[in-house]
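Look at TrEMBL and you will find 15, 16, 17, 18, 19, 20, 38, 39, 40, 80, 81, 82, 108 tagged as NADP(+) binding site. Taken from TrEMBL, the feature substrate binding site covers 108, 134, 135, 136, 191, 192, 196, 266, 293, 451, 457. Per TrEMBL, the feature domain '6-phosphogluconate dehydrogenase C-terminal' maps to 184-473. What TrEMBL records for 188 is active site, proton acceptor. According to TrEMBL, the feature active site, proton donor maps to 195.
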Ligand SMILES: NC(=O)C1=CN([C@@H]2O[C@H](COP(=O)(O)OP(=O)(O)OC[C@H]3O[C@@H](n4cnc5c(N)ncnc54)[C@H](OP(=O)(O)O)[C@@H]3O)[C@@H](O)[C@H]2O)C=CC1
Ligand SMILES: O=C(CO)[C@H](O)[C@H](O)COP(=O)(O)O
């Protein structure tokens, strides 16, 4: 590093793979002098050689050089693999920094790790910000959605930089201080969980239109293109049209027919479900999406069961009239359920951890830059602005009326799928969730009776306070418990 650049960089990025290099370029393009470092220095050199003209980069071969390049208080963004690599980089940096300096982890860290790291670094006088960053390669370069946690004090210093490089919608940055310690990474985790649910619902729509409706991938791509100009307008619907319309150069077949049907996952969807189980929040749409990926990857089990049941119902099924429009309604209603469940999980975590998260603000910063950006996030923001204590998104006037209008079509789609043997766990579970929440009485009463029978677990009554037990193996009289 040249002597003249010592202590001059505004911010640093270490970890220059897909996300880190594009984030560094975004910072540089926005006028920040940015110090850059990667464990393997060839990446640092490649970044500066290929993109040095885009802004003011200070390359560093080592972490001590990176730290030396920065103005005080120092701000260093880590964009390396989540888990142990992130801990290794934090440990090395912490020994090089001074009280008041700040480490920002922009990777997909588990929020519990972020809470642990924040507490440990706070003891040393260092700020630690776990910042969820969404938008993939393109978003990191041109404006991601950023979900920073950490202290309010850290946001005062860091916020203006992050808000500058974030995506903008209606002039507002897609970045806001989410809440203390792990709040930012929690919200990013739920964002990814919703991303899983959204993609599963899109995939089910495609499957129905293909195997019940008889449409070819390119035609289904056109259907999605049309849908992208209405209530369903979103990045994922837009790129579905692109993927379905793409033809494989090697075979001349639709690309979707030559991609192996085994969905992979890095873990954020699974974490969302695990945390929802801990919090007692039913995120059935996200859970079905995670399980659908796991099922698709179990190729041996799939082959065995397919061999045992070779006859195909779908050949006998007839395309119901109006299927395309029905699927559009079912997709919209099921999406509303998935988002409602995700927001419920954020609210529950906010209460449990004392984060005080503004749900409307989360919808606001997801409107641009991120993978789940969608027109209807404006509606979600408006719903939580009207009533921050909303019992569920489903009861907001706009969503209640949209789901009401979609309801019959939604049921027809699930019936058609069941008849044709097309698996639609996302649509079916979303409809079951909606029906369960609306039910006057749930069969949970019988579950309680059974628990009392085999384990004397007691039950409450609808007509009296207290807990009760029936003496099942004696005279079956009831006693207060
Ligand atoms: N890709 C995406 O679309 C998104 C990714 N993220 C998250 O952002 C982070 C970065 O993602 P991405 O750019 O895809 O890169 P990867 O997750 O593939 O990580 C590669 C980077 O990590 C560095 N690294 C790995 N192990 C170590 C270690 N022990 N010590 C130091 N550095 C190490 C690599 O250095 P080297 O070159 O030396 O191997 C390289 O810079 C991850 O946490 C990811 O989950 C978040 C949103 C979207
Ligand atoms: O964070 C992201 C977008 O917001 C990543 O794209 C996400 O990690 C993809 O997850 P998976 O590989 O599990 O589908």
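Heads up, the Cβ atoms here are built off N, Cα and C, so glycines get one too.
This view paints the features noted in TrEMBL onto the structure.
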| residue | record | contacts (Cβ under 8 Å, 6+ apart) |
| --- | --- | --- |
| 15 | NADP(+) binding site | 38, 39, 78, 79, 80, 89, 107 |
| 17 | NADP(+) binding site | 38, 43, 79, 80 |
| 40 | NADP(+) binding site | none |
| 81 | NADP(+) binding site | 107 |
| 108 | NADP(+) binding site | 82, 132, 185, 188, 189, 192, 266, 267, 268 |
| 135 | substrate binding site | 143, 144, 145, 167, 369, 370, 371 |
| 196 | substrate binding site | 265, 269, 272, 286, 289, 290, 293 |
Query raised in the report: Can you check what DSSP calls residue 293 (substrate binding site), collapsed to helix, strand or coil?
Result: helix
Query raised in the report: Among 40, 195, 293, the recorded positions in the record, which have a C-beta under 6 A from ligand 1?
Result: 40
Query raised in the report: Once the DSSP letters are reduced so that anything not helix or strand counts as coil, what is the residue listed as 'active site, proton acceptor'?
Result: helix
Requested in this report: Using CB under 6 Å from any atom of ligand 2, narrow the recorded positions 19, 38, 40, 108, 188 to the ones that qualify.
Outcome: 108
Query raised in the report: At the Cα level, what's the spacing in Å between residue 19 (NADP(+) binding site) and residue 195 (active site, proton donor), rounded?
Result: 18
Query raised in the report: Does DSSP give residue 196 (substrate binding site) helix, strand or coil?
Result: helix
Query raised in the report: For residue 195 (active site, proton donor), what is the tally of other C-beta atoms lying within 10 angstroms of its C-beta?
Result: 22
Report task. Indicate whether residue 19 (NADP(+) binding site) is helix, strand or coil by DSSP. Result -> helix
Query raised in the report: Given the model, what does the mean pLDDT over the domain '6-phosphogluconate dehydrogenase C-terminal' (184-473) come out as?
Result: 96
Query raised in the report: Within 10 Å of the Cβ of residue 457 (substrate binding site), how many other Cβ atoms can be counted across all chains shown?
Result: 14
Report summary line: The sparsest Cβ environment within 10 Å, among the recorded positions 188, 191, 293, is found at 293
